[in-house]
């Protein structure tokens, strides 16, 4: 973390007027706390470096960073790291003085890791930095890799230092190993990771030791050395850049550091080191734990590479003339932790649902469907709650079937099952949320689809169906309410509760109790149990009629007999010429009509739809399932292929206010009916009152009311509150304006009765 | 149970209340076996109820007979089987009368007769003779189809629970509408048929005995390789690839980097 913070800080510092950036980084780093502390530990030492190193923006900053103070003071960690980072970045790139910093320069190294400098930090300061980094960005492995980089870098830096300014004793040893790596890294800058890793591994151990040893030297010699070393440091920075690419196992580094601390302490300022070590350890732990989280950030590594590459080039030049070099360090800033708005934060579920029935967008025998909001992604989902009530045999096998089936399907016109979730002992199927369904859309109070949009919807319906049938799936519940439409006009077939795989190449026996009865084909109504995809085509034809005319074509009363009568009344009674297998239907005799009717489909629909659409519908409404076209054939019909207007996606739906499902349109219809009823009743009442003798009527009503009142208390005490409110509202509705006085008395009395109830039953609606 | 009158009454009730469930048939059959000292009486009960109830109940009794004879044989009470063999023509006439009123039951009769024959309760000759008669009745129905039903439209509504039609003059297409089932009975029949079908399907999971029976069954039921199999294969491949790419952050990163680098 600190590393990041540092990096950020460093980056910020260089890029931005360091401080602001630094500040930010600090804050971040502070959050990480431990890393910072480790940094601090190192920082003190670094601080000098930093001062020298970052001379750029930096020196002052560095000094200001008061890293020294901070580190010393513990505060240091946050600031320290930043300072360090800054220093590192600043150091390595700008001036040799950085050199010292360069040692520290692990900072730059760190950068290298991420962007080079970062890796350095990690490496030197310890592995801790590397570890930090790792925590931040990379997964553990990455972290390790970084760590290695860092180590390498460190090693390099150390080497460089040692080479340039052998002042650091330990560095020399490192230098040996490091130098090689450096070269390698230089060469491999682009492919730094691998080579560097290997090298690093070796280096790392050395580097770690070196760092430990070096660390002290830097602190002491820092200022002087830094200057002299600067060139070296530059080279380091170069190396760092390359190193960053390589992912070194930080854990190792960290371990080494851990081991190293004592030695470091002795040479260096013990307290500082100790604190860093501790921090490092923590960091490491965090890293290990945190890597996964950081992983996503790692992409930064990608960024780091370019930086590194740049740096290497620059650094190379700097090698020649280090002081002139400028290393651009790119700091990664942690994305701010997303903060959930309080209402979402309060949600007990990942999928926030409005309380009560507000979130219900559909309900049926299967249970209820809720609209949910993923509190993290803010994406809407539809949650289908699997009904467990009355399931004696455990999880309903129908739900299992539906899940299994949906999992095997993937098509743009088939609703996507995202996951299955168990929450507070309830099981939900999580679907993508679509704002409308066809029933709702077609019943929209004031929006109507244009012909081209209708055609597009129809096309998508049959594309989805074609996919299902090629995949050997019978949907068996195609109906307008099961067809969802997104706000971009994309149609998706939903509700696979009745769907099943079917044997395409031979006929099996299935139940005929499928498909909502308005959409049920004649063969199913006549008891056929050996059927195929043609049943879906019939249903889809019914849906197509609805799309085109807004009206269901066969709205029966729910019984098979009535449904057949509806079909007969439009398509005429079937005969064996059209449907040779008619009399083979199991219930043919049972349901045989006692009448004969002509086909009036043309009369009724020819005017309502285009010629091609009519032709298509007529072909799909064949009594004989074998004569109905397949979904693929439907898609090749002139209605879709040639007839104008061509299909067009209904983007306008985006502008439609609210969500329109069957559920909402039903609610709307109920509301309207209720209003109408009330209006009618009021009207009737008014006329009645005027027409009839008031004296006669009033006494009766009065009696009724008193009777009711007499009974009410008992009823209320026995019933739940909800029932009571219902009954009272019911009464209120029944009582008409003329009875206003009675209602009044009722109202005054009810509360009295309600009080004890409330006390008894706290569960109120 | 000593009272023969009571036994008759109770068996009659059980026959009337038969439905598509196995338990109702088993209950009646066990009752008859338990009181086999009045076998003659109980057999006549069956015939009587076959001729007195609506077509739904007649169909249910027909299915019950198959069950009943099964059980009787397994308990060694062949007297019931013998009586049924003797009166099978009468049974068929009652369940699928030739006046067209029982057209919906022809299918039931065929099914049960075949089952009885396969279990050797009836000999092949008797069954084929009955089949001939049934075919005639079926043919009559087919002519009806060609005519698209009788014009008498509303009649079928009110003739629910009619007494047996044996004594009525044979159905003439232009004549009185046959005592068809009313709506409620039609719906009941539909439900009962579905229930029976469901039970029939319960057996499809059973694995036949034999060394390779299961394999053969699977082989038989597996579709040929079709384009849908390729579609599925491709989908699975894509899914696998996606999973593989996202299985671990490194791969994910590598993929992303690869894109950038590319």
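Backbone N, Cα and C atoms are what each Cβ position is placed from, and that goes for glycine too.
Annotated features, as they stand in TrEMBL:
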| type | residues | note |
| --- | --- | --- |
| BINDING | A:384 | ATP binding site |
| COMPBIAS | A:24-40 | compositional bias 'Polar residues' |
| COMPBIAS | A:57-71 | compositional bias 'Low complexity' |
| COMPBIAS | A:81-91 | compositional bias 'Polar residues' |
| COMPBIAS | A:142-153 | compositional bias 'Low complexity' |
| COMPBIAS | A:163-176 | compositional bias 'Polar residues' |
| COMPBIAS | A:179-190 | compositional bias 'Acidic residues' |
| COMPBIAS | A:195-206 | compositional bias 'Basic and acidic residues' |
| COMPBIAS | A:224-240 | compositional bias 'Polar residues' |
| COMPBIAS | A:667-684 | compositional bias 'Basic and acidic residues' |
| COMPBIAS | A:691-717 | compositional bias 'Basic and acidic residues' |
| COMPBIAS | A:718-750 | compositional bias 'Polar residues' |
| COMPBIAS | A:751-765 | compositional bias 'Low complexity' |
| DOMAIN | A:355-640 | domain 'Protein kinase' |
| REGION | A:1-326 | region 'Disordered' |
| REGION | A:667-765 | region 'Disordered' |
Set of same-chain residues at least 6 away whose C-beta sits under 8 angstroms from the residue listed as 'ATP binding site': A:366, A:367, A:368, A:369, A:428, A:429, A:431
For the compositional bias 'Basic and acidic residues' (A:667-684), residues assigned helix / strand / coil by DSSP: 18 helix, 0 strand, 0 coil
Stretch-averaged pLDDT - the domain 'Protein kinase' (A:355-640): 92
Three-state secondary structure, which DSSP defines for the residue listed as 'ATP binding site': strand
